[in-house]
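One structure is given below, encoded as structure tokens.
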Amino acid sequence: GHWSLVEPNNPEPCGSGSDEPGSVTDPSVGCAIIRPPRDGGIRYRGLTQDVQILPVDYEIEYICRGNRVIVGPKVRKCLQNGTWTDMSLHSRCCKSSSSSWSLCNGRVWARPPGPPVEGTVLHYSCNAGFLLEGRNLSHCTKLGKWDAPKPTCLWKKKLYIGALFPMSGGWPGGQACMPSAQMALDLVNNRSDILPDYELELIHYDSMCDPGEATKLLYDLLYTEPIKIVLMPGCSGVSTLVAEAARMWNLIVLSYGSSSPALSNRQRFPTFFRTHPSATLHNPTRVQLFQKWKWTRIATIQQTTEVFTSTLDDLEQRVKEAGIEISVRQSFLTDPAVAVKNLKRQDARIIVGLFYETEARKVFCEVFKEKLFGKKYVWFLIGWYADNWFKIKDPAVNCSVENMTEAVEGHVTTEIVMLNPETVRGVSNMTSQEFISALMSRLGGKNPEETGGFQEAPLAYDAVWALALALNKTVPPLKARGRRLEDFNYNNHDITAEIYRALNTSSFEGVSGQVVFDAQGSRMAMTLIEQLQGGSYKKIGYYDSSQKNLSWFGNDVWIGAGPPADRTVVIEEFRFLSQKLFAAVSVFAGLGILLGAACLSFNIYNGNVRYIQNSQPYLNNMTAAGCMMALAAVFPLGIDGHHVHRSQFPVVCQFRLWLLGLGFSLAYGSMFTKIWWVHTLFTKKEEKKERKKHLEPWKLYATVGVLLAVDFLSLMVWQIVDPLHITVEKFTREAPKEDLDVLIQPLLEHCSSQKMNTWLGVVYGYKGLLLLLGIFLAYETKSVSTEKINDHRAVGMAIYNVAVLCLITAPVTMILSSQQDASFAFASLAVVFSAYITLVVLFVPKMRRLITRGEWQSEQQDTLKTGSSTNNNDEEKSRQLERENRELQKIIQEKEERVSALRNQLAERQALRSRRRPSSGQNQNHNASQPDPKSLLPPPGYPNPPTDNHSFSNSSALYPADSKMSRNHCHNSQIPLLYK
């Protein structure tokens, strides 16, 4: 290479070289030794001033004199391209400084590494618990001196934090939160800009997430030295206890893992703060998801603790405002079996579960047993469980891991965003991902899924930083008033107030996001939505409740075709009357109406016949008309929603009521009137009977009118005050065989009113008394014979049948009102049979009598022909007389033969006497020829017959030529002779 000696005008004291390799500045400082190639050449040593060209591979070595040392490359080599190695680095001879590498209770390290020369910087730091007194940096000058004296490490003043970390229990969050808090303490204590004169130390216990255990530990913290300046509990139940008691000791409480909404109460918890947001922050997200998936009916199951009860109360208020119904609300203390069974029985589909992790395993074991999972169900759980919480073996759960995995598949969790999703460096100069890496290192590689509180660890980390920043902020105002943090005791309210103000105004970027407290001391944050898919949780969205913004990823997965329905799909199906039954009964009712019309026409046409007149034909006409109205009521009884629209159904109800009511009053009322007056007139004493023999028709009509008026007024009042309307009865839902997720809801339409039972009680009571009274009167008059009302016995028989049918049918139809076919069959057939029996009993005997006897004449003709009638209205007696007449005919025939024989004998005797006594007078012969008058007298008890010399002359004088005797027309004069 080529090089030349360059003499600088102002050589540096420490010595320096030019940019040309191989040149040395001051011969008194150092020199360059030229080395030949290593293949063995001549080596020149000393100052080289006249060398102009050196061969390739020659080396230059720098040597410094005295107490100077080489800084930079010590040897350079000539390269083939005409340059030297390490052209970018300078070679200098610098003075060496004295060593200051050791620091008591601290550490020292140099930048750059190596011996301390000009430009070297020493960094000093103290061990934990010590405070650096002096500068933490020192520079080596050109004179080989340090620009700052060596610092010292002094003891720091300690501030103690009393913490309760649940390492076990319902939420073992201390497993990850305690290492996270300790990591934050180490970083804070190593910061010279945060509490430089103080060191924070953590005194912690395992609360087991049990308020009872926490009470004992709180007592130990408060009454055991040293004094704690702040308390840091975890678990809502424990935090509630600590926060409520802390004000008595003027202590600030800063919780890292408490979500109970009850803690957001400044009057009850005046010194409470938390980096964990309130559990109510989940509820706006849940409501947003309910609305997104179009669910309007949910169910809830909760563990009976304050945190979950208050959370559920807030949820209930929010869903009510959103128009969503909580159909089932179940709770349990330790055993969720009954609560889960109730959810199954109440057909819960969308279920919000609020309970700790240990209880969650119990719940889902019962869920598996009750088959309350799958495509028809969605569970909403809290998101702060461990990721593998359902795989952890629990002696209290008798379900396998496979069972649990199957039961929890597809559930949705809402979780407060506890780890900043953005890559930003916060106050701790650490990103969220760096924090997770550091925490994993502290956990020693332990599986995060098996570590309780791993998700809440950033909150514990930021809680320590929030406390440290707040304490750091209180130092200047306290110093201005002559106070120090180490002066705190449980009676000092001023220092507590300063810490409270500092925390209340905190705002910094932590690894969990922006840390800000609201007026209630609660943290505000976004909500993460996750779903368990294939055994692992997948993020499916975020929700910002403050902005009401839902960020949806669209990667939600469902077991079925999509989100399930919030209830079983219910298909409403009305039950209608069997049309075959309705048609059959309608035919009978129609025939009955025709029969009633025929009976009515018959009665009107033969109204002048005495026999008909003696049966009070106008009352019989009312009976026929009432039967026809009652039979007509069968048709509206069978009309339902299958025939008419629901809007027209109340009209059908009115027709039923009026036709049955008035029909009963006409038909039964007219029969009741007859039997009433028969009883009134013909069951009195003899002295009263004579005065009441005459029955005025208007009294009969007035009685029927009164009964009709009572019914009419009662029905009118019913219709005006409480009109009938349609009501729908719901029955137990039925599951069709073809689709298990669909239920049939049977419905049945009824005619009803608001006070239906009251009205029915009044009507049935009134009618029932009439029926019972009618039975009594019919029984009392069964042996009465009267020509005023000649068919009262037939009326009594009809009353018996109608009363029995009505008294049986009324309660039966009320019992069977939910069975439309049976109810209609009983009611309609009772009406049909009652009407048929009444018409047949009252009118058919009259028709038969008039037809068989030919009594179609008017009353006058009948009187001229017969002259008189004795008990003509007594049909039963007529039949008895017919039987007796037939028997007597046989007796007469026998007697005629006997009389004929006796006549012959008498004639022979008379002839014999006349021959024996020829001398006897004609008077004796005449007396002998006549029978003895005494022998011809009737038997005792029979009237004397009129004298008739020809009574025995011929039997034809007693009977007509055709040997027929009309019913009830036996001549009075013939009866005794027949018995004779």
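Cβ coordinates come from backbone N, Cα and C, glycine included.
Positions annotated as compositional bias 'Polar residues' by TrEMBL: 856-872 (among others).
Per TrEMBL, the feature compositional bias 'Basic and acidic residues' maps to 874-883.
Per TrEMBL, compositional bias 'Polar residues' is recorded for 919-930 (among others).
Annotation source TrEMBL lists compositional bias 'Pro residues' at 936-946.
Residues annotated as compositional bias 'Polar residues' in TrEMBL: 947-957 (among others).
Per TrEMBL, the feature compositional bias 'Polar residues' maps to 971-980 (among others).
Annotation comment: TrEMBL describes Cys126-Cys153 as disulfide bond. Counting only residues at least six positions away in the same chain, the Cβ atoms of Leu103, Cys104, Asn105, Gly106, Cys126, Asn127, Phe130, Leu131, Leu132, Glu133 sit under 8 Å from the Cβ of Cys153 (disulfide bond).
Marked as domain 'Sushi' by TrEMBL: 92-155. Secondary structure of the domain 'Sushi' (92-155) per DSSP, as helix, strand and coil residue counts: 0 helix, 31 strand, 33 coil.
The annotation domain 'G-protein coupled receptors family 3 profile' is assigned in TrEMBL to 588-866.
If you look up TrEMBL, you'll see 1-28 (among others) marked as region 'Disordered'.
Annotation source TrEMBL lists region 'Disordered' at 856-883 (among others).
Residues or ranges marked as region 'Disordered' by TrEMBL: 908-980 (among others).
Per TrEMBL, the feature transmembrane segment maps to 581-606 (among others).
Within the same chain, residues 585-586, 589-590, 592-593, 596-597, 599-600, 603-604, 652-653, 655-656, 659-660, 662-671, 673-674, 697, 700-701, 704, 791, 824, 827-828, 831-832, 834-835, 838-839, 842-843 sit at least 6 positions outside the transmembrane segment (618-637) and bring their C-beta atoms closer than 8 Å to a C-beta of that stretch. Residues or ranges marked as transmembrane segment by TrEMBL: 618-637 (among others).
Here TrEMBL flags 657-677 (among others) as transmembrane segment. Residues 616, 619-620, 622-623, 625-633, 636, 695, 699-700, 703-704, 707-708, 710-712, 715, 718-719, 724, 751, 763, 767, 770-771, 773-774, 777-778, 781, 789, 791-792, 795-796, 798-799, 802, 831, 834-835, 838, 842 of the same chain, all 6+ positions outside the transmembrane segment (657-677), place their C-beta atoms under 8 angstroms from a C-beta of that stretch.
Residues or ranges marked as transmembrane segment by TrEMBL: 698-721 (among others).
In this view, Cys126 (disulfide bond) is surrounded by 24 other Cβ atoms within 10 Å of its Cβ, with every protein chain counted. Of the recorded ranges 581-606, 799-818, 824-844, the transmembrane segment (758-779) has the largest number of C-beta contacts under 8 angstroms with 799-818. Looking just at the domain 'Sushi' (92-155), the mean pLDDT is 78.
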